[in-house]
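Take a look at the structure below.
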Amino acid sequence: MKMLRLALLLPFLGLLWLPFYDRIEPSFLGFPFFYWYQLAWVPLTSLLVLLVWKKGARS
Amino acid sequence: MTAQAPGPAALIVFILFFAATILLGSTVSWWRAHRPAHGADKSEDWGLGGRQFGTWVTWFLVGGDFYTAYTVIAVPALVYATGAFGFFALPYTIIVYPFVFLVMPILWRIAHAGRHATAADIVRARFGSRPLELAIACSGLVAVMPYIALQLIGIRTVIAALGLPGEIPLIVAFVSLAAYTWLGGLHAPALTAFIKDIMIYIAVLAAVIVIPVHLGGYAAMFATAAQHLPKPEGNHALMAGQAVPYATLALSSALAAFLYPHTLTGVLAARSADTIRKNAVMLPAYTLLLGLIAMLGLMAHAAGIVTTHSSSVVPLLFLAIFPAWFSGFCFAAVAVGALVPAAVMAIGAANLVTRNILTGRGQDVGAARIVAFGVKLGALACVLFLNAQFAIDLQLLGGLWILQTFPALVLGLTRIRFSAGAMLLGWTVGTLFGTYLCFQDGLKPTHVLALGGLHQAVSTGLLALLVNIGVVAVATVLVPGRRTETTVA
């Protein structure tokens, strides 16, 4: 359960390390990579929190 | 503002929605069946909604309170002025939720068990130190005051865009806000937050669908906007040297966000710890909206809006794209969007003053009402008599100051036995050091560090927090244990 909580560090890594996404291409639906990558982290973070909560509560 | 006024249709729609919301919020105690929560006294009902808000009310309240009207004006304004850099609000409002999920249910449980209503209450219970309680309360108060002023500036911006001259409309808006908070307490913003949010959602969704259609799709919009902004090197989205400020500002903002009195009030008013966890999952929906709102700054470039007064970017864009009546609706959304957070902020400030600064007034709902009124009056005076830049500068410093309460409030939750003296010393050094740096840099949010010939701008708030934590750690090693009332010169 404690280990699972480490999954909550992923959004911090993914969003605070700029070399991952400080780029224009590849774009998606007209959105440069910089924008769609960050927007994609919104539902992803939501899911991660849900996962940690539900799995954590079960164990 | 030289833009043409949008005419009577916009004005009528604006007044209709604004007045309806005020009326609904002010009369909440009449038409809501009066049922104070079990064991909750009158002041707890006014200041914390009796700690009975369920998942949806909390979602609307915290959403309405965290993503303020000022956000709708200021984030696109920053994006308009700086391009991609202005989007740091997006990672900020994403990484804040894992933090909320881990920390806020613990704070809620402590507050619920001890019937605390403020951060300073919680810190007093943890460290048993009156000076530390006062320090935390003062940080909260000075951080939230300019925030209220900014909401009033948000209202004034849209009123000005409607073509109403002078300060009278702002004073009318202020009186409405005051009546609304006085009568309804936290129930007023809680129950009108859903109107605000639905209106903002409609306005923004219309904008992000209609405007790109006008401009030939998103790809064309991004391409046109890029021509009006400085060009980053190669395939980069940010300019050289902006990456570290982007990340550190996002991190420091995220750590500070839920330490503010208004956000914490929203969290502590929840019914249970699971209500907060559920909201940590659901609140990112607003972040998606914020991402779209930020895009308005780019769309304004693509739509050919040219202004040096960047806070009027959003009103000008709405006027340029939408029919007059719908612009009126969008402006009402922004104005109503200012009421909800301003009311919660005034209530959060009142809780601090009545419970932590003046002692023995915690149960007195009359005193809380008067303080909430005084706080708003101060914000109004700030907007009317000092310039808007003063409020903006103070809000920047407020972010730095509130971040210095992080060790006492959050690190205090760990098993490490920090002393009250160490916390107070860290708070003092962090606050003074950060304020000094900020003034040295001409009130900018970042400070340039020179490390072996490498110059790098970093969030000043984060630097001050690191110094603060360093001092706390050293002082704890030197004077360990949980001795209360350690005196610090």
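Easy rule for this one: first residue shown is 1, then count along the chain.
Using N, Cα and C of the backbone, Cβ positions are placed for all residues, glycine too.
Nobody curates TrEMBL annotations by hand; they come from automatic prediction.
Quick look at what TrEMBL annotates:
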TRANSMEM  B:12-33  transmembrane segment
TRANSMEM  B:53-79  transmembrane segment
TRANSMEM  B:85-108  transmembrane segment
TRANSMEM  B:134-162  transmembrane segment
TRANSMEM  B:168-186  transmembrane segment
TRANSMEM  B:198-223  transmembrane segment
TRANSMEM  B:243-260  transmembrane segment
TRANSMEM  B:281-304  transmembrane segment
TRANSMEM  B:324-354  transmembrane segment
TRANSMEM  B:366-388  transmembrane segment
TRANSMEM  B:394-413  transmembrane segment
TRANSMEM  B:420-437  transmembrane segment
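Outside the transmembrane segment (B:85-108) by six or more residues, the chain places 66-67, 71, 75-76, 78-79, 122, 238-239, 242, 245-247, 249-251, 253-255, 257-258, 264, 267-268, 270, 272-274, 276-277, 279-281, 283-284, 286-287, 290-291, 294, 297, 409-410, 413 with a CB less than 8 A from a CB of the stretch.
Below 8 A, the CB atoms of the transmembrane segment (B:243-260) and the transmembrane segment (B:366-388) form no more than two pairs separated by six or more positions in the chain, fewer than 3 in all. Tertiary neighbourhood of the transmembrane segment (B:53-79): same-chain residues 85-87, 89, 93, 147, 150-151, 153-155, 157, 189-191, 193-194, 196-197, 200, 204, 257, 262-263, 265-267, 269-271, 275-276, 278-279, 282-283, 285-286, 289-290, 293-298, 300, 310-311, 313-314, 317, 334-338, 340-341, 344-345, selected by CB-CB distance under 8 Å and a gap of 6+ residues from either end. Long-range neighbours of the transmembrane segment (B:394-413) within the same chain, counting only residues 6 or more positions beyond its ends whose Cβ lies under 8 Å from a Cβ of the stretch, are 103, 106-107, 110, 119, 122-123, 126-127, 132, 135-136, 139-140, 142-147, 149-150, 252-253, 255-256, 259-260, 382, 423, 426-427, 430-431, 434-435, 438, 443, 445, 460-462, 464-465, 468-469, 472. Using a Cβ-Cβ cut-off under 8 Å and counting only residues 6 or more beyond its ends in the same chain, the transmembrane segment (B:366-388) has close neighbours at 43, 46-47, 144-146, 148-149, 151-153, 156, 167, 170-171, 174, 177-178, 181-182, 311, 342, 345-347, 349-351, 353-354, 358, 394. Long-range neighbours of the transmembrane segment (B:420-437) within the same chain, counting only residues 6 or more positions beyond its ends whose Cβ lies under 8 Å from a Cβ of the stretch, are 123, 127-129, 131-132, 135-136, 139, 397, 400-401, 403-405, 407-408, 412, 447, 460-461, 463-465, 467-472, 475-476, 479, 483-488. Taking Cβ pairs closer than 8 Å, the transmembrane segment (B:198-223) reaches residues 17, 72, 289, 292-293, 295-296, 298-299, 302-303, 317-318, 321-322, 326, 329-330, 332-334, 336-337 in its own chain, all 6 or more past its ends.
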